Amino acid sequence: MFLPLCLLLSVLNWCLCIDLTYFVEEGKDPGTLVGNIAADSHLMDRIPLDERNTITFSQLRGAQTGSTQLFRVSEKSGKLYTLHTLDAELMCKRYQECSRFVEVAVQKGTSFIKVLEIKVILKDVNDFQPEFPIKQVNIQFSEGDAIGMRKSIPNAIDKDVGSMNSKITYKLMKNMNDPFSLSVSKRVDGTAQLFINLEEKLDREMKDSYMIQVVAKDGGSPPKQSELDVNITVTDVNDNLPIFSQKVYNVTIKNEPSDNLPVAILSASDFDIGKNGRVSYEFSLQTSDIAKVHFKLNKVTGEVFLHKKFTLGQELVHKLYVKATDGGSPPLSSIVMILVNVINQQNNAPTIDVNFVSRSMGKENTVAISEDIEVGSFIAYVKVTDHDAGQNGELSCILHHDKFQLQSLGPKRYKVLVKKPLDRETQDHHDVIISCQDKGSPPLHCESKFSIKVMDVNDVQPTFAKKTFKFWIYENEKPNFPVGYINATDPDLGSGSKLTYFLLADNKYFLPFQITDNGLISTVMSLDHEFQDVYEFQVLVKDKGRPSLNNTVNVIVEVRDENDNSPYFMYPSVNPFSLDVIYYPHHTKNITVLKASDSDGRENAFLKYEITDGNDKQLFTINPYTGLLSFTRVVTQQDAGSYDLQFAVKDSGTPVLSATTTIFLTLTVSNKTFEMINVVQMKADEADEKIHLDFLIAIVSVAVTLSVIITAFISICFLRLTNQKNISHRTEGNCSVKCEQRQLMYPYLATSCNDLPSTRIEEVDINRDFHLMERGDSQRGDNSDNGQSGSATIMHLQATPEVVYQEIGAMSWGRKGKRTTLVVPNNQREISMLSSHSDSVDDWNKGDTTHNHGETQVDGSQVSVLQYMLHKVLFHHRWFTSFYSASGWFTSLCTVVDDSQVSFLHPMVHKSLFCGR
């Protein structure tokens with residue numbers, strides 16, 4: 001069986017002049033191998049091995065519009081591939097062989113060898129399942145229907161064109177006791193007609209409805225299926241199919257369209273009445289699209305008209321399938337075939353079909369060739385068609401052109417060759433006309449015109465608009481941000497003018513840029529000016545000509561700074577920072593220099609300094625540009641102390657960024673000043689002069705008042721004893737305060753309260769113009785005995801070994817006593833301590849029995865009241881005057897020392913021994 005079939009196919013191919021036949025399945029991806037033309041045609045067997053590489057294969061492309069290129073041929077290997085995904089359902093008709101023909105030109109260099117006719121048969125794939133027009137149908141049986149009554153239901157359609165894939169078998173799915181069966185009959189167009197048959201008598205009173213299912217399965221591998229649900233209602237309705245008067249209509253017509261004269265009149269009758277018997281007509285799905293275009297059907301009357309004339313080359317026999325459908329529910333239908341034969345007796349002009357071997361320019365009947373093509377090269381394949389018989393179909397063709405010629409390949413086939421060398425600079429475009437004429441009477445002729453575009457050879461390299469391209473971009477821009485265009489031009493035509501750009505960079509470094517095919521440079525990441533502010537690289541441009549030419553250009557990209565870095569302090573390097581400053585008058589006001597830095601550049605790194613807090617006295621100032629911290633004025637003792645200075649540094653960018661730091665500054669003011677010495681010396685000289693003037697007056701007055709003073713003194717002392725007991729408690733509570741005052745006066749002494757003199761003999765004040773320096777605080781630590789600071793830095797603004805004087809304090813006695821200033825050399829490490837009583841204030845007030853009320857102790861020695869008073873009268877007569885000028889002389893005999901009322905003897909003893917001159 002197989003051998004006769006092969007012989008039949010071979011004879012058929014020989015008759016049709018088919019050189020090769022291939023099979024390919026539909027739905028394959030583009031580029032699927034169909035066959036090896038070079039191997040299967042055995043052309044290579046007759047060509048020596050050293051010349052086989054000159055053999056080329058070219059598919060001939062038709063110049064007529066509407067043709068679709070389905071395949072491509074490898075020029076060197078001769079292999080045939082699919083160009084698109086093939087669909088048998090779109091390309092082929094049902095129950096017919098699905099095939100396409102390909103013509104391939106075989107050349108040896110520029111010499112023509114042969115044109116191979118190749119037949120490609122498209123094998124259908126089972127990619128569609130049978131489908132019913134509706135998912136569910138309702139039919140009715142009357143309970144009076146006899147056994148064998150049948151009802152028509154819709155059939156399934158499979159869109160596959162293969163014989164097995166489109167072959168449908170049906171099966172009825174029902175309950176065992178349902179009295180129905182399925183019968184299938186074949187229609188004239190090959191589709192199935194389905195009927196539901198009644199197998200038993202129906203009893204509507206027992207059951208009035210049934211549900212069954214019809215399954216349609218195709219013959220593919222694997223098979224596919226679909227289902228139709230059939231609802232059966234037991235009623236008295238009777239349905240009948242429309243029936244045509246003929247099973248097949250066979251008509252012969254002339255190729256002359258007419259809208260008034262029908263080529264056939266169809267008639268179908270339906271025994272039903274009403275809408276169930278009303279019949280309408282339409283072309284079924286099996287009717288080809290070409291037939292639907294040329295024929296028109298009246299849906300009501302069933303008349304068929306030739307609507308459009310058939311052109312030469314089209315089929316002369318057409319099959320029309322008409323379906324008659326009634327108006328029932330569900331609608332029932334029948335199909336009939338009309339076989340139409342078209343008679344054509346005219347003498348028609350031939351047609352010319354030009355297929356180009358070279359690539360097309362994208363325009364109809366236009367081909368492009370290179371100017372360096374050799375003489376005798378094959379350009380186009382020409383096929384002439386004339387369907388007339390006899391001499392009306394015999395023809396001859398000519399080509400008139402000085403650069404090209406037409407050469408015959410056999411009956412009605414030609415090839416176009418290059419006759420003379422081409423020069424694009426002389427002429428880049430040629431119009432070629434091929435004329436053909438038959439031998440009919442009268443002879444008819446036709447012409448085919450096509451254009452040949454002479455393409456330039458790629459011989460000029462691309463050139464850039466600039467020698468160096470310079471661009472700039474701000475830092476921190478998002479990836480893919482455009483930088484700039486690289487502009488290059490190429491005067492060549494075609495692919496030689498199409499340019500592609502590439503970035504060239506050192507492999508050691510990463511280049512954060514990319515370039516598109518049109519020369520646009522953009523970033524691949526966010527750039528950082530502080531990391532790198534300039535990028536230098538090259539751009540390579542290549543054209544797409546053969547051979548490809550290229551050129552390079554230098555590119556410089558500057559990354560401009562943005563204010564994205566805050567300034568920071570380099571000095572001080574820690575925050576907070578402690579700084580001790582010792583100030584000496586008449587010296588520089590500069591303290592230190594704050595140093596800050598900013599990683600940004602240009603104006604973003606231009607810094608300004610300022611004091612933001614802690615400068616309430618406006619004692620300090622800072623240079624906004626250099627960071628120099630200095631005093632704004634002369635520093636006094638009142639300025640000594642601790643300052644929590646807050647500094648800020650700001651850049652000049654947008655937005656402004658800043659940083660802050662804090663300096664705990666301890667200021668010590670040295671009292672090495674000569675102005676204060678002069679003031680104190682003048683006051684001392686003035687006092688000595690007044691003492692000598694009043695000396696004589698004091699001696700005379702002593703004798704008169706001596707007795708009165710002694711008596712008054714003894715009496716007052718006893719009267720005050722009781723008051724001293726209450727005051728002593730308050731005196732004890734102020735011990736810590738006085739200790740602190742003594743620390744301020746004598747910073748070089750021991751800081752404990754036990755190391756100070758125990759007797760409170762005067763109230764100590766600090767001069768308002770010259771304050772002693774307070775050393776440290778809880779954050780810096782206490783000062784040691786040797787005067788070293790616990791701060792991070794001690795700054796001496798001046799160090800002069802000169803002897804200066806420092807105000808220690810002022811003593812007052814009496815309610816309106818005059819203050820006297822004491823000065824001592826500043827370079828002495830010790831000072832004579834004030835004398836004290838061996839007994840405390842409490843002991844004095846309590847009146848200890850061991851204490852002599854008429855005597856007092858000074859540095860451990862007892863002196864009489866008379867001796868002390870005599871000394872004061874002789875050397876401090878102002879006390880005597882003050883004694884009488886007081887509001888009451890009894891009241892003036894008492895004074896307040898350290899917030900406690902005591903006898904005037906206490907300050908008098910001290911003044912006579914240590915302050916009198």
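Residue 1 is the first one shown; counting continues down the chain.
Cβ coordinates come from backbone N, Cα and C, glycine included.
Looking just at the domain 'Cadherin' (24-132), the mean pLDDT is 85. Residues or ranges marked as domain 'Cadherin' by TrEMBL: 24-132 (among others).
Look at TrEMBL and you will find 156-244 (among others) tagged as domain 'Cadherin'. Secondary structure by DSSP for the domain 'Cadherin' (156-244): 0 helix, 43 strand, 46 coil.
Annotated domain 'Cadherin' per TrEMBL: 245-352 (among others), in sequence order.
Marked as domain 'Cadherin' by TrEMBL: 361-464 (among others).
What TrEMBL lists as domain 'Cadherin' is 465-569 (among others).
Summarising the annotation, TrEMBL assigns domain 'Cadherin' to 591-677 (among others).
According to TrEMBL, the signal peptide annotation covers 1-17.
Taken from TrEMBL, the feature transmembrane segment covers 695-721.
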Using DSSP, how many residues of the domain 'Cadherin' (361-464) fall into helix, strand and coil, respectively? 4 helix, 54 strand, 46 coil
Count up the helix, strand and coil residues in the domain 'Cadherin' (591-677) according to DSSP, in that order. 11 helix, 41 strand, 35 coil
